[in-house]
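Look at Swiss-Prot and you will find Cys24, Cys27, Cys46, Cys49 tagged as Zn(2+) binding site, backed by sequence analysis. The annotation ATP binding site is assigned in Swiss-Prot to Pro138, Thr139, Gly140, Thr141, Gly142, Lys143, Thr144, Leu145 on the grounds of sequence analysis. The domain 'ClpX-type ZB' annotation in Swiss-Prot covers 11-65 and rests on sequence analysis.
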Amino acid sequence: MTREKVPAKGKARTSGGPGEPVYCSFCGRSSQEVDSMVAGPNAFICDRCIRTSHDILRKELSAIQHPEPVADQPFPVKLVSPKALMESLDQYVVGQERAKKALSVAVYNHYKRIDSQEWQHDDDEVVIEKSNIMLIGPTGTGKTLLAQTLANLLEVPFSIVDATSLTEAGYVGDDVETILARLLHASDFNLERAERGIIYVDEIDKIARKSANVSITRDVSGEGVQQALLKILEGAVVGVPPKGGRKHPEQQLININTKNILFICGGAFEGLDRLIARRMSKSSMGFGAGVADKKAGYDPGILKFVMQDDLHEYGLIPEFIGRLPVLSSLEPLDEHALRSILVEPKNALIKQYAKLFEMDGVELEFAPESLDRVVAIALERGTGARALRSVLENVMIDIMFELPSMKGIGKCIITADTIDGTGSPTYLTEDGKKKKTA
C-alpha cells in the first residue's frame, strides 16, 4: 500500500485514477478538504481560493473604476494599536492608566471590527458584537477629555451630548435622535464619516431610574430615556432631522446607521461607592471583611470594584447596561496629579497661557510656589481638573486685560501672592530689569 504525497504549492496534481484526490494548485488542499475543485489545463483551484481571489479583485476593481475624492470615499479610520493609542493618550491625559488601557483596547477592537466587515463572508459563524463603553468617575477626572482625545487621534467625527437634556418622544426636551444630528453636524454632513464617529454621552448617571419601585407617574427623563437609547446603542437605522430638534410628519429625515458608531457614556455616579461598599461588606468574610470595612468609608477609589449589578441597583436597567459592556472607572485626582496636569500634557494650561503671552511678545513664568497654591485651591473646590482652569482664569483675567497696554514688558512672573490675590505679578523689562507698576 503506497501513501499519497501532497505536491508542493503551485504544482498541479491530476488524479491517477477514479476516486483519487486532486490538489489545489494555490493552497495545496486536497479535494477531500474543500467543497469543490475547478479543473483547468494542468491546474486545479479550490472554492476557498476562488472566494479569496474574488474578494481581492472586487476591491481592486472598485478602486480603479470608482476613483473618488478622499472626503467622499468610504471613510477609512486610521487603525492604531492599543499600545500606540495609550502612548498618545499619555501625552494629553495625566494618570488614569487603567482607564486609558481599557479605552485603547476597546477602541482598537471596535474599529478592527468595522474593517473586518469589508472582507467577512456572510456564512462566517463568528460575528463580533459592538462594544460601547461606560466610564465612571468623579467630576473633573478626565472622562470627556479621554473620549475627545481618542477621536482626535483617530481623526473621526466627535460630538458631546448631555444626557440631562434628553427626554422621551412627545415630552419637552430633546429626542434621543438629537445626539445623532449633532454627530452629523460634526462630520459636515458626510454620512459615511458620521457612521464611524464617536459620541460621548455625559451625565449618564442622571438618567438612572429614580426609584427601584415601578411608579404610576412616567419617568420621562430617566428610565424612559434609557429605553429610547437602546436601539441607537445597539445599532439601527435611525431617521434624523438634519437640523436637529423634534421630528415632524412632513419633515425629510436623514437615515443614519448606528451599528458602527462608538458610544462612550460617562458619569460621576455619586453614591455608587456606597452601593459597592455595601455589596463588598456582605460578600466578605474573615480577613476580607476587614478590607470591606475600610471600603465602607466610601472612598471614591472603590469605584474600580464596580460591577454591572451595582449599576442596576443604582437605577440603570439591565438592557441598557448590557449595551455598554466595557466598564472602566477613573480615579480621583490627588495633589500630584493636579500639579502634573498643569504643566506636563502637550496642551497643559500653563503652556496655553504661555502661548497667549508669547503672542504679545511677553515671556510668562509661574514660580513653583504659585503652582502649589493653584493646586491647593483646586483641591478645596473638589471639582478635579476643572477647578484648575477656574482658579487660573480668575487670576489671569486682570493681568491679560492690562498687559497689552503696557510698554516695554519682556517677562511676567506669577507668584503665590498673585494667586492668593494679595500681590501683583513681577514684571521685567526686555533687558531684564524690574518694571515698576502703578
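Cβ coordinates come from backbone N, Cα and C, glycine included.
Distribution of Swiss-Prot features across the structure.
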residue : record              : DSSP class
Cys24   : Zn(2+) binding site : coil
Pro138  : ATP binding site    : coil
Lys143  : ATP binding site    : helix
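The Zn(2+) site, placed at the center of the C-beta atoms of Cys24, Cys27, Cys46, Cys49, has further neighbours from the same chain whose C-beta lies within 8 angstroms: Ser25, Phe26, Gly28, Arg29, Val34, Met37, Phe44, Ile45, Asp47, Arg48, Ile50. Around the Cβ of Cys49 (Zn(2+) binding site), a 10 Å sphere holds 18 further Cβ atoms from the protein chains shown. For the pair Thr144 (ATP binding site) and Cys27 (Zn(2+) binding site), the C-alpha distance works out to 49 angstrom. Excluding the listed site residues Pro138, Thr139, Gly140, Thr141, Gly142, Lys143, Thr144, Leu145, the same chain places Gly137, Gly266, Leu330, Gly384, Ala385, Arg386 with Cβ atoms within 8 Å of the centre of the ATP site Cβ atoms.
With respect to Cβ neighbours within 10 Å, the binding-site residues Cys24, Cys46, Leu145 differ, and Leu145 shows the lowest count.
In this structure the alpha carbons, written CA, of Thr139 (ATP binding site) and Cys49 (Zn(2+) binding site) are 55 Å apart. Taking a C-beta cut-off of under 8 angstroms and a sequence separation of 6 or more, Thr141 (ATP binding site) has the following same-chain neighbours: Gln96, Leu330, Glu331, Pro332, Leu333, Gly384, Ala385.
A simple Cβ count within 10 Å picks out one of the binding-site residues Pro138, Gly140, Gly142 as the most packed, and that one is Gly142.
Rounded to the nearest whole angstrom, the C-alpha distance between Pro138 (ATP binding site) and Cys49 (Zn(2+) binding site) is 54. Gly142 (ATP binding site) sits 49 Å from Cys49 (Zn(2+) binding site), counting Cα to Cα. Averaged across the domain 'ClpX-type ZB' (11-65), the predicted model reaches a pLDDT of 78. On its own chain, Lys143 (ATP binding site) has Leu135, Gly137, Tyr200, Asp202, Gly266, Gly267, Leu330 as residues at least 6 apart in sequence with a Cβ closer than 8 Å to its own Cβ.
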